[in-house]
Structures are given as C-alpha cells and as structure tokens.
Amino acid sequence: MTHSTVSTPLESRSSGPLTGKVRVPGDKSISHRALILGALSVGETRISGLLEGEDVLNTAKSMQALGAKVERTGPFAWSVRGVGVAGFAQPASPLDFGNSGTGCRLVMGAVAGCPITAVFDGDASLRTRPMRRILDPLELMGAKTGEAKEGGRLPLTLHGARDPLPILYRTPVASAQIKSAVLLAGLAAPGVTTVIEQEASRDHTELMLKHFGSQIVSTQEGSHGRRIALTGQPELHGADVVVPADPSSASFPIVAALIVEGSDVVFTDVMTNPLRTGLFTTLREMGASIEESEVRGDAGEPMAQLRVRASKLRGVEVPPERAPSMIDEYLVLAVAAAFAEGTTIMRGLQELRVKESDRLEATADMLRVNGVRVEVSGDDLIVEGRGHVPGGGIVATHMDHRIAMSALVMGLASDKPVKVDDTAFIATSFPDFIPMMRSLGAEFS
Ligand SMILES: O=C(O)C1=C[C@@H](OP(=O)(O)O)[C@@H](O)[C@H](O)C1
Ligand SMILES: C=C(OP(=O)(O)O)C(=O)O
C-alpha cells in the first residue's frame, strides 16, 4: 500500500442527532476469504458486495500474482477464476499486503500447501506484527521459512511444501487467522487436518469452505472451544458469494448513534454471525437500544437490519471469553464506556497488543488525552464513565484505522472537538467512513 507521507488530520465536533438508513461496506473477513477460496477453486466465483478497501484489494492483487484471474465486473462486484487447490503459480515479485494481517496470514497458509516460493511484505505496521504464530504450524506441515526478520517478521520468504502433511494443531491463542492459515494449507494435504481452539474464533473460513464444496466438520470442544476437521484435497468449485455488511465497520456509526443525543439510525444487511457480535451483546447489557429485524442468511452467514437509538449507557464488566467475538471492537466500546455512567472493565485483552498498533495502550492514550480516566491493569482495560467526555485532545493514529474511527466517533458527542493526526488508514477497511458519517449528520472539519 502506498500511503502519501503527508498525513491527513481531521477534527470531529459535537453534532446534531444522527439520522438515516445506511449499509456499511462488505465484511472484511468474508471479502478476503471469498477472493482466496475463489482463487483455490476450479471455475468462476462471483462475489457481490466485496469490501473495496485497501486491505482486500491487496489480497485481490496477490491472488492475481499467484495465477488466478481476478476482475472487477461492477461496483463491489468481482469475478475470480481460480487455479484449483495447490495450483498457485510462483509469483514474479514480492506480495505486498499493506496494512493487512488477515490477507497476509491467510495467503501464507494457502501458499504453504503449494510447491512455490513467495516473499511476503507489508507496511511499517504489518512489519511489526508476529508471524511466528502462523509459521510454526505451517512448518509442521512441511513449509519452510527462508529469510525473515527477527522473530519471523516481514519481509519474509516462505517455501511451500511439495507434499504437505495433515496435522492436528491446537492454536495457542484464539485467532481465526491462525486457524484459517492451517485449514487453507490443509486443503492441499492428503487426509484430515484438525484445528482445536480453546475459545471459538470467527468461523467464516469453515462456513465458506463448506460453501465451496469441501468436507469440514466442526464440533464443540470444552465449554467455549471448537474442533474443526477438514478433509484435504477436495475439488473446490467456484461459487457465488454475497458479502453482508461488516459488523466491525458498523460498530463505529452504531456507537456514534448511541452517544449523540436524539439519534436514530438504521443499518441494513449487518452480518450477525454470533462469533462476531460480542459488541452488540455488551452494548445491550449497557442499556443500548439496538433492535433487530429482517433476519435472514446466505451461505451460512446470518444478517439482519439494526435500528439504533441514542441511549443512556451504564458501565459493565466484559468477560475475557467474549474477547474473540469482539476483538476489533474494544476501541469503540471504550468510547461508549467513556460516555456511560459508571466503570466498565474489559478483561483479557492481551491480543489487542499485536494488532495494527498496541491497541490496549493506544485506547488508553486516546481516552486520556480527552480527559477520560482510564487504567490498563495487566491485560485489562478499565474506563471510568462519567456520562460525558471533555474532549479537546489530539489522538495519535499509529497507522491504525480503528483508532482513527473511534476517536472521530468520540468527538461527535464530546464537550470540545477531538482531533486525529491521520485519517489515511481508514481506507484499509471503511473507505467511505467520512462521507457516510457526514450523510448521517456528523460534523468533521
Ligand atoms: O480472520 C480474520 O478475518 C480476522 C481475525 C482477527 O484477527 P486474529 O486472528 O489475529 O484474532 C481480527 O482481528 C481481524 O481483523 C480479522
Ligand atoms: C486487526 C485487524 O485487521 P488485520 O489483522 O487484518 O490487520 C482489524 O481490522 O482491526
């Protein structure tokens, strides 16, 4: 991804009621997976509602570089003609995933099952993120790591396995990216590849693998975990994929509607897979008015229309086992918590430290510079809600889209405006965030 070196600051300020009906862009997780599974299938995959954000566009480019034919056929409509399982061609140049952990890690898994060598790279943020967690299982399956930065960081060279081995792997942390990398490599292995996770992470890879024709069985493991068994070497057939609206993107205007007095906003087609809706559960516990209607589904992914009205919120305790189902939503939850009455305690947030930035510290800093009392205690975040936020701070984005969007949401209801130092990274996951928020009545300058 080539961001200009000039940053694009923006300020948000106290706004009138937010009103209207919007569809936020397509789900980022499903968009990456549709492109990758389309590329590993035989025949055509037609995708509608693809997220055309930079993260996903980088995955599209990498699929093209690995031999698939990827074409944009209309707004948010894409066609992929795949090469079949284990059919990737040697890419001519390094694969650049920009800011995207998901794109990079899932494609590592897919490449690990092919007898090719590829160089993986990304921007300064992605270069700091841990890749050993992906390389460890892929090496057990026969892939080899060539040159890499310390701790297996990018840029790195991955040599795929000529004869990949099926493995049984227990993921050390609840991570859909680790699980998905192993399953995608397992597609090329003979026999059954099994992943066991102690806490269930988002299951879009499993649902979509089934949709494309593979045999995959998921069973409960312990009280919160899952055991997923994939039979290798299937023939995957191109399929149609309708991408629902991204609940993680929706979380920003949803929290904005809750904290801006008098707001009433409807969100259409929001994906409501229970492994993604921890934020909605938490907000409801805090007293949020979020009404669900028009519940339906496609390819195993449920979706609904959500009507969100401004609400008086109260502090709650969020249990650690809920973290995987809302891992990208803690920043904006912390904003809601700051406007609530009472203390909100969010437990077990260690994974936030290895995202686009150290989100645990960055969230605390974002609140602190705007006059909110907040504490990081081990892996827990404690926010003291006082019903209002003084604001007036300048928030450092740290190349992290979700910090930028959370801070801008905070400014819409704070006493003084909130400024963010750089909004460029919002384009990785929600390119229309600013115009869409303005269309609802948000004031940015
Ligand atoms: O698989 C995915 O699509 C994602 C998994 C999560 O990461 P982890 O697997 O590292 O928890 C999440 O933070 C990311 O935004 C998307
Ligand atoms: C963590 C995120 O994405 P990724 O891991 O794909 O960079 C995110 O979008 O919040």
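Every residue, even glycine, has its Cβ placed from backbone N, Cα and C.
Curation plays no part in TrEMBL annotations; they are all automatic predictions.
For the phosphoenolpyruvate site, TrEMBL gives Lys28, Gly101, Arg129, Arg359, Arg402; the one candidate out of Gln64, Gln90, Gln177 that the record lists there too is Gln177.
The feature region 'Disordered', as given by TrEMBL for the ranges 1-25, 276-300, sits at 1-25. Here Gln177 (phosphoenolpyruvate binding site) is positioned 10 angstrom away from Ser29 (3-phosphoshikimate binding site), judged by their C-alpha atoms. On the backbone, the CA of Asp328 (3-phosphoshikimate binding site) and the CA of Gly101 (phosphoenolpyruvate binding site) stand 12 Å apart. Remote same-chain residues near the region 'Disordered' (1-25) are listed as 51-54, 58, 76, 96, 98-99, 122-123, 245-246, 249-250, 253, 256-257, 260-270, 310, 407-425, 428-432, 434, 436-437, 439-445 (criterion: CB distance under 8 Å, separation of at least six residues from the stretch ends).
Screening the binding-site residues Ser29, Arg129, Arg359 for a C-beta under 6 A from any atom of ligand 1 leaves Ser29. Arg33 (3-phosphoshikimate binding site): 26 other CB atoms within 10 A of its CB, across all protein chains. All protein chains considered, the CB of Ser29 (3-phosphoshikimate binding site) has 27 other CB atoms within 10 Å.
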